[in-house]
Structure formats: C-alpha cells, structure tokens
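**Q** Got a structure for you, questions after.
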Amino acid sequence: MFVSDINDVKIYNLSAGKSLPDWLTDRKKKASVNKNVDLRKRIELIQDFDMPGVSTSIRMSPDNQYILVTGTYKPRVKFETFEVLSDDYSKLVFLQTDRFVEFHAGHGRHYRLRVPKVGRALSYHSPSCDLFVVGSSSEIYRLNLERGQFMQPFESEASSFNACDINPEHHLLITGSQEGFVEAWDPREKKRYSTLDVAMRIKNYRDFPSITSLKFKNALHMAVGTASGHILLYDIRSNEPLLIKDSLNRIPIKKIDFNPAHNVVYSLDNAMLKIWDENNGKQMAYIESQSNFNDFCTIPNTGMFFFAQEDVKMQTFYIPALGPAPKWCSFLDNLTEEIESETVQNIYDDYKFVTKQELITLGLDHLEGTNLLKGYMHGYFIDMRLYNKAKSAAQPFTFENYRKEKINKKIEESRPKRLEVKSDLPKVNRELAMKFMENEESNKKVKAPNLLKDDRFKIMFENPEYEVDKNYRRISERCKSDDEDDGSKWKEVKKEHKRIQKEKRYNRQNDERRRRETSPIKSSGIKMQDLESFKINELSRKVAKASLGARVAKETDMPQVKTISGLGNRQMSFSTEKKVSKTVIKRQEEMKKHREERKQVIRPTTFLKKRK
C-alpha cells in the first residue's frame, strides 16, 4: 500500500506492495506471509485481481456489482473493446481485432459474426436494439439485435472513425473521425444532423488532432479527446468550446469520464490519469503508473478507480476527496488513519522549492504573505514559471559565466607549464599529504591504509573545494554576530584557542602511545607455583567430599593439572587474562547495540550541495 499527497489530495494505491508468485505452494505462501511484514500489511481488495497476460479494457456493470476485464490471452485473440448489454454480466458483446463481433450470455459464447471492416469502437442504442460499430471505414455499421441482421449503414464523408458514444437522455449518436470532425446522428431518423470541426480549434500541435475519445456528461455537455493530447469541453448548442485543456504529454487521449458531483473531469492517456476542474481546467491530482495505461473505470458516486494496463496486475486506487468508498468495501473509510501512517510522498505539480535566502537573491522577498508563495518547512513553494522568469532576470549571465569558466579551464589544462618541478605532493592539501607520508614512514610496521592511494579520498587532494581552511576555526566565532560587544567576542576566541591547544595535546599523547605500542615489549616474569604444593592425595580427598556444583566451579577457576606418567611429571594449563565481570560484559553489549542504532539514525550527506 502506498499513500501520496498531490496538491493536498490524498491518493491511496491499494495495489501497491509485494506479491507472491503463483508457483509457490499454499504452505510456502503462508510461511512467506508470516515472515514478511510488508506482505502482512498489504490490502487485497479483490482476490486474484490479475490477468494471465496484458489487460486492455475494464468496465463496471450498470448494477455496480460486477467488474469485467478483457485482455490478451496466449491461446486466444485480443479484444479491442466490449459493451455490457444488460444490468449484470449475463449479456455482453465483444469487438475483436480480427473483425469478429462476439455475443456472450451467462453460460458463455452465444454467437459470433464478422463486420466488413476492422472495428475500433461500438455503442449500443437500447430503444431500437441497434449496435453501432465504427472503424476503418467511412460507414457506420448497424446491427439490429432484435432481428439478428445488419441494417443499412450510415454513410459519411470521413475516411475512418476512432470513437463513438450515445447520449443516454436524448439518444444522439456522435462519432469522432480521423480528420478531426465530430458528427452527430439521429438513430430515429437515420440521418446526420450536424458536424463539428474540432481540429480547427487546436493550435501548436505536433500530431494531427484526430478524434480518439468521446464522452457525454449530460444532455447538453460533452468532452472530446484528440490524438495531440487535448481535451475540449463543448455545449452541443454551440460550435465554440467551453474549455480547451492540454495534457502536455502529446500522446492520444484514450478515455474521458466525468464526476458530476464534484465538477471534475478524468482524462486518461498512456502515461497517466489526470484529474482536473471542468470550470477552469486547473489540475487537482494525477495518477501515473510504471506500465502504460490502457483503460480505466470508476464506480459511480465513489472515489474508487480501476485501471487496465500493460501488465498482469490491475491497479486499484482510492481517492476520498472524490467520494466515499463503495458499500462492499466500506471498511476503507475506517482504515484511513491507519493508511496515513504509511509513507506519505508530498508532490507539488509544477512548483519549485526555494529557501528564504534564495528568495532574497531572486528579489522575490516582497511576495511573502501572498498566494504566490506557499510556506513549507524552512522555505516556500513557488510556481515554476515565476521562478524561471525571476532567475533569468536576477542572473542573466549565469550560463555565459559558467561557459567561459569551463573554456578557460580546458585551455589551462591543455597548455604545458614553462617550469615544472616534479613533486610527489598533490596540488591541494599539501601539508595534510605530507603528514600522512611522515606517519607512513614512521609507522612502517603498522599496516594501515594510505589515504593518498585510496580512490575514495582521491578528490580531496585534487579538487580545490576540499582544501583545508586553516583560519576558519580562529575567526568563525568572531564572525558569528556583529551585535556582540568586544569582550564577549574575545572570550569566544580564547575559548576556541584553548580547544585547539587541547586537541594538539591529545594528538601528541596519541602519537606517544602509538610509539610505545610499536616498540619491542619486554617480557615480564610469571611467578610459578612450586610443584610440591600439588599433592595428589589431598586433591583426591577434597574432590571426593565436594558436591558436583562445587567441583565444576573449582575446575573452572583452578589451573588444570594432568598426570603424564607415574614418575612424578605434571602438566598444568592456565590463563593469564583478567576475569571480566558480568557488569562489564553487559555494558559492552549495551554500547555495541547503541552504536548499531546510531548507524541507522545517521542522516546521509549525499543531499548536501558542494560549496561553490
């Protein structure tokens, strides 16, 4: 499970998390779930909600009780799209890529037939029982399901059609052509009423804006999606669009849907599903996936989304801001607090984070308190377009200076030096390198890694930005604040001076101790007990009278004496190490555990920028 916060809209990915492979046995699956915390925390809203191959289309039945998905199956053909003819799954019609139209009942396939040309979309007109099929032809095919025969098709001037839709209130049929026209047909009179030129309203497009998707919101409003990535909202009583929305992805719009309760439009392409306001076109949130999206569906009056994508697994998302959870999974509303405890990723679309100092540098500090800046942590979020304009105005020659600096650096590297003195010392941090070399010569017996030859520290002796600042520590305390009096400043300087002297003494003591450790160790005498004190008879009598626990304790403390032969020779083994108490052992274990915890808490320094 994953939670993301996009423009203050929480999106719950109910399909995120680890999944178990199908080839595992039930016993191994249970064992894996018990061992892995991530598998125990996941939420499987629908069991086995996946496909053997890629899923291409997904629908909800009109009674909101069934989810229907089609896709590519290895031994079968691919379905282009399908429609639900009844309230449940008992009557379905599938449009296949091999020109077959296949009808299914509750028990399975009922009948199949072929259309003259390859179909791309179909719509069902319930009052007349006509099934309209559009595709790579200028004709709109009509199949009457009551008679079971083809009727006379509608003739059009377009070369081909990509989409069609029927208004559920006045039953007007609209079709989207390859040339960018939307045609309106009346199924009752079997004639075309009007034509709408959509391509003329779109400017600055890369691909020709052919119509790829159509959707009615109500009796008067509809949405048109194009191949150039634009969505146009129309009132059917006017030729002018109410709003033109650019998805900025420049890929065809696959599907459009409405949320009338919140005045929100959903537009889907291969990359993402965008959720935006139909009144002003402002984007509210978006959902993107690692695989390409093929289709999506929503449960009416809820915030639940289902996605068919170029993957085995179907995606499930829940957005509480767009509606409550469905009745069959109402527990999601109660789990909101638990889900929010997971990792939350804050994403602000088209915004740039700047600190207070950067805001002053850009000359935008006068915008504090306005709606152009959004406070966040130790800085602000600013619109990316405003940031780029302000940066260009504040630093007009930044790129030119950077370019000149790089050119001069290349020229200096290519020029041979007039007088070159060979030296083993690097160009940067010479004193530090000399100190390392002296330590290496004085401690030849001690095997320690040489930092000068280590690639990890190579940049420290090549890049001037890593040069040691000798005067920093002495003057840093003086430069901290200008409003302090002179006496307090000198107190801080003296304090820092004493600290430096203390470190020098500590380094000298370490060098002295290291020198003593490397010098030859004089052998110290070990006092041995006289062999006469070890009497066999006394030992045997004491051992016979003592208990088993006393014997074991005594054997661990006393030196072990073994008899080699009967001539009086003895062999003794003993340890000269000091016995460690239980308190010391416990303290060492606590310190070891403490150091391991500190390693986990230490923040990485990879996000810090280099000083310029």
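For all residues, glycine too, the Cβ spot is worked out from N, Cα and C.
Marked as compositional bias 'Basic and acidic residues' by TrEMBL: 478-495, 503-519, 576-600. Under the heading compositional bias 'Polar residues', TrEMBL lists 562-575. If you look up TrEMBL, you'll see 1-342 marked as domain 'Nucleolar protein 10-like N-terminal'. Summarising the annotation, TrEMBL assigns domain 'Nucleolar protein 10-like second' to 347-394. Annotated domain 'NUC153' per TrEMBL: 454-471, in sequence order. Residues annotated as region 'Disordered' in TrEMBL: 478-526, 561-612. What TrEMBL records for 154-195 is repeat 'WD'.
How buried are the listed features, and what sits near them?
**A** Outside the repeat 'WD' (154-195), and at least 6 residues removed from its termini, the chain residues within Cβ reach (under 8 Å) are 120-125, 127-128, 130, 132, 134-140, 142, 208-216, 218-219, 222, 224-226, 236.
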**Q** Sort the residues of the domain 'Nucleolar protein 10-like second' (347-394) into helix, strand and coil with DSSP and give the three counts.
**A** 21 helix, 15 strand, 12 coil
**Q** When secondary structure is assigned with DSSP, how many helix, strand and coil residues does the domain 'NUC153' (454-471) contain?
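**A** Going by DSSP assignments, the domain 'NUC153' (454-471) contains 10 helix, 0 strand, 8 coil.
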